[in-house]
Every structure is written in structure tokens, then in C-alpha cells.
Amino acid sequence: MQNNRENISLQRAKKGILTVVLLGIVTVGVIIALTFNKRTLLALSKINLTFLGLAALAVLLSWIFSGLPFYLLTRVTRKPISFAASLRVYLGGSFFGYITPFGSGLIPTQIYLLTGDGLTPGEATAVTSSRATISSWLFVALGLMIFIIFRSSLSNSVKLSLLGIAAAAAIWSLITLFFIKQPVRAKASVSRILHGRLLTRGLGEERLGKARDRIHHEIDHLSLNLKDLFSLKNAPSIIAVFLSEVVAWFGLFSVLPLVLFGFGVSGNLGQLIFRIFLLFAVAPVSPTPGGSGVVEAALTGLLQGLVPGEIIGLIVLVWRFLTYYLTLLAGAAIVLRFISKSSLSKNQAPEQPNR
């Protein structure tokens with residue numbers, strides 16, 4: 001049964017990778033074909049590799065400081081993991097987040113990897129949800145700053161998008177607060193869902209009862225862990241996590257300006273940051289895995305008026321490779337290593353004697 005589940009997971013991963021690669025190749029290919037001319041080749045011959053190297057280092061910086069919150073938060077739970085393990089959790093989670101619609105595979109994979117490092121499901125859920133909550137706070141703060149600075153030039157649709165991002169972060173924070181403050185009501189809500197007519201008919205009372213007891217147990221642990229994580233004594237750690245997220249986002253936001261400098265383009269930095277924010281806001285709500293196709297097309301539109309048309313395709317290709325495919329490759333290497341180690345451990349496990 002376990003082997004079947006692993007095969008199904010691998011098949012889904014392969015399907016997700018194939019989807020994102022095909023969508024990305026087709027979209028970027030079309031963009032390059034539409035923007036390519038003689039000046040494109042001239043720009044390519046004059047590219048400054050130093051700035052592209054700095055852009056790659058900015059991506060590495062974002063990896064390091066995106067993994068650091070897991071290291072800090074697991075120390076608070078008194079089940080610390082190594083910094084290398086924290087990077088594995090971030091990159092491995094990002095891999096499945098990048099190949100699933102709406103990034104739905106991100107948090108479950110992070111929880112799974114953290115439990116493999118010795119945390120209970122409740123502790124792992126508390127760590128991942130805390131990091132996601134803090135990151136959403138930062139993103140909303142940045143969105144509000146952009147809203148205040150550029151509100152006169154924003155269209156109604158963009159204003160609604162920014163408000164939608166703020167609302168999503170507020171809902172996530174309220175859910176986290178609900179589990180911290182009202183574990184009894186959270187368990188009651190779960191019980192009502194599990195005792196629905198369709199679930200009762202499909203799974204049976206006994207199986208649902210076991211599931212309910214297990215979920216209630218994890219809610220209790222989740223509530224305790226979240227209370228502990230966000231307690232006053234752990235304020236320095238929470239602040240450190242917030243600052244880590246600031247540096248991680250700074251690294252990601254730096255990639256596009258550095259790529260533009262590499263192609264000899266220096267535009268309005270304020271407008272560029274605003275448009276990068278819109279781009280990162282679009283990716284999570286895209287129905288395609290990792291926003292493939294959608295993000296490339298969106299970046300093409302956002303660069304109009306800031307960048308010469310003949311190099312837009314090249315910039316989209318380089319930026320997308322650095323900020324998406326590089327992380328996807330690193331995450332894939334970690335996931336494959338994890339799967340191979342798991343398979344090796346099973347093959348080396350001693351057989352149980354027949355009785």
C-alpha cells in the first residue's frame with residue numbers, strides 16, 4: 001500500500017513538472033518570437049554577466065533567509081532542526097508548491113518534511129502556519145505601502161487586487177488566532193464537518209470517530225504550540241523570523257532590477273518594485289501550477305513601457321529561470337534524494353521472521 005502511494009505521488013509530481021515546463025516553454029517561446037529582431041541579438045551580445053551573477057546570488061540569499069524561519073521556529077518548539085534541514089524543508093516544500101495549482105502542495109509538504117525531522121504533526125503545522133502568517137503580514141505591509149505611494153495612479157482593478165491580498169492575509173491570521181484562542185470551538189467545527197451525512201455514509205461512524213479523535217488531539221497540540229510560539233517570551237524569535245522574511249523578499253525583489261541592469265536597462269525603480277509586487281501577487285492565485293504561463297505573460301505586460309520591446313522576451317526567460325526554475329531544480333534534487341533514501345532504508349530493513 002505504501003509503495004502504491006509513493007508511486008501515485010511520483011506520478012503526480014512528474015505530471016506537475018511536465019505541465020509547468022511545457023506551459024513555460026510555450027509561453028516564453030511565443031513571447032520571444034513576438035519580440036525578437038536584430039536588436040535582440042545585439043542586446044544579447046552586450047549582456048553584463050556580472051549583474052546576472054548578482055541576480056543568482058540574490059536568489060540564493062532568498063533561499064537562505066526563507067529557510068531560516070524554520071530553523072528559528074523549531075528552536076522555539078524545543079525540537080530544533082539543523083539549518084541544512086531548514087533549507088531542505090523550504091526547497092522541498094517549494095518544489096511541490098510550484099507544481100500544484102494555487103501552491104496547494106507547499107504547506108503539506110513542509111509539514112511532512114518537518115515530521116520527518118522529529119516534530120509532531122501539531123508542532124510541524126504550528127511552525128509552517130506561523131511562518132506563513134508572518135510572511136503574509138509582511139506582504140500586506142508592503143502592499144499597503146505601495147497602495148499609499150501609488151494610489152493616484154492605480155486602476156480600480158489593481159486597487160481591488162491589493163485589497164483582496166490584504167483580506168486573504170487577514171483571513172489567514174484570523175484562522176491562526178482562532179486555533180490559538182478557541183481550540184474547543186475549532187474542535188466543535190471539525191466535529192460538525194465530519195458528522196455530515198455524506199461523510200457518515202461514505203466512511204462510517206467508526207472510521208469518522210477515529211479521525212475525529214486524532215484531529216481533536218492535533219488541534220489541542222496545535223493550539224498549545226501556537227500559543228507558545230506567539231507568547232511574549234518568544235517575541236525576539238518572532239521578530240527574527242519577520243526580519244528573515246524581509247531579507248528573503250528583498251532578495252527576490254532584487255532579481256528583476258539586477259537582470260535589467262545586466263541587459264543595460266535602468267528604469268524607474270519605484271514603478272519596477274510596484275510591478276514586481278503585482279507579479280508576486282498574481283502567482284499564488286493562478287490556477288496553473290506555479291503560475292506557469294500566467295506569470296510569464298503578466299511580466300511581459302508589466303514590462304511594457306519600462307523596457308525596450310526587443311529584449312522583453314530575454315528578460316522574461318532569464319528572470320523566470322532564476323526565480324522559478326532554479327528553485328524547482330533544487331527542490332527536485334532534495335525530493336529525489338529523500339525518496340531514494342526512504343527506498344534504501346526500506347530495502348535494508350530486516351525481514352520479520354515467520355511465526
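Quick reminder: no glycine exception, Cβ is built from N, Cα and C everywhere.
A TrEMBL annotation is a machine prediction, not a hand-curated record.
According to TrEMBL, the feature transmembrane segment maps to 16-37 (among others). Nonlocal intrachain contacts for the transmembrane segment (16-37), taken as residues 6+ away from its ends with a CB within less than 8 angstroms of a stretch CB, comprise 96, 98-100, 288-290, 292-293, 296-297, 300, 309-314, 316-317, 320, 324-325, 328, 332.
Among residues of the same chain six or more beyond the transmembrane segment (49-74), those with a C-beta under 8 A of the stretch's C-beta atoms are 80-83, 85-91, 110, 114, 117, 119, 123, 127, 130-131, 134, 229, 237, 240-241, 244-245, 247-252, 254-255, 258-259, 261-262, 318, 322-323, 326-327, 330. Feature annotation from TrEMBL assigns transmembrane segment to 49-74 (among others).
Residues 13, 16-17, 19-20, 70, 74, 81, 88-89, 121, 123-125, 127-129, 132, 284-290, 324, 327-328, 330-332, 334-335, 338 of the same chain lie 6 or more positions beyond the ends of the transmembrane segment (95-114) yet place their CB under 8 Å from a CB of it. Annotation source TrEMBL lists transmembrane segment at 95-114 (among others).
Beyond the transmembrane segment (134-150), the same-chain residues lying 6 or more positions past its ends with a Cβ under 8 Å from any Cβ of the stretch are 69, 159, 162, 165-166, 168-170, 172-173, 238, 241-242, 245-246, 249, 270, 273-274, 277, 280-281. Marked as transmembrane segment by TrEMBL: 134-150 (among others).
Summarising the annotation, TrEMBL assigns transmembrane segment to 162-180 (among others).
The transmembrane segment annotation in TrEMBL covers 238-260 (among others).
Distant neighbours of the transmembrane segment (272-291): 16, 19-20, 23, 97-103, 139, 142-143, 146, 149-150, 158, 161-162, 165, 252-253, 256-257, 260, 298-299, 302-303, 306, 324, 328; these residues of the same chain sit at least 6 beyond its ends, with a Cβ under 8 Å from one of its Cβ atoms. Feature annotation from TrEMBL assigns transmembrane segment to 272-291 (among others).
Look at TrEMBL and you will find 311-336 (among others) tagged as transmembrane segment.
Within its own chain, the transmembrane segment (238-260) has Cβ neighbours under 8 Å at 51-52, 54-55, 58-62, 64-66, 68-69, 72-73, 130-131, 134-135, 137-139, 142, 229-230, 266-267, 269, 272-273, 276-277, 280, 307, 315, 318-319, 322-323, counting only residues six or more beyond its boundaries.
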